[in-house]
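> As listed in Swiss-Prot for this protein:
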BINDING   75, 76, 77, 113, 114  substrate binding site
ACT_SITE  128  active site
């Protein structure tokens, strides 16, 4: 476990000490999708979901999710997030909704988990809001697409 920073020499989990790390600007972009029946997508696009505006609520839920990441994932540091933006794009070819979250901070550790949490919570919210008509929806392809800043530098998924 020598390469895993969240474990000590005995293998016990611990929160990484970032106090000696330099404060730098950091950004992370995560992506994912919710696949659904074409009829479900049409209902969302037409604003006919009984629970309300699915995409607007999912966007807000994603923002809230990013802000609550340290409360949800035990070893994540609470961070001063400076930006959370979500794009939710209906895609008839999927069919479903594509989700992208961008999170920024200026701090001692990155915001990858916050971006991934934002996408995940937005996807879960879409599922929750229309599950009554489509229980077969799939939350899929949730992944880190890009990160920059900090000691490890830049990462771009292929």
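Cβ atoms are placed via backbone N, Cα and C, with glycine included.
Just tell me what is around each of these and how deep it sits.
Within 10 Å of the C-beta atom of residue 113 (substrate binding site) sit 22 other C-beta atoms, taking all shown protein chains into account.
DSSP assigns residue 128 (active site) to a helix. If you take the C-beta of residue 128 (active site) and look for same-chain residues 6 or more apart in sequence within under 8 angstroms, you find 51.
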> Determine, for the substrate site, the additional residues of the same chain whose CB lies within 8 Å of the mean position of the CB atoms of 75, 76, 77, 113, 114; present them in sequence order.
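Neighbours found: 69, 70, 73, 78, 79, 109.
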> When the number of other CB atoms within 10 A of each residue's CB is tallied over all shown chains, which of the binding-site residues 75, 76 has the maximum?
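Buried the deepest by this measure is 76.
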> For residue 114 (substrate binding site), write down the residues of its own chain that are at least 6 apart in sequence and whose Cβ falls under 8 Å from its Cβ; none is a fine answer.
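Listed in sequence order: 28, 66, 67, 69, 76, 79, 81, 84, 103, 105.
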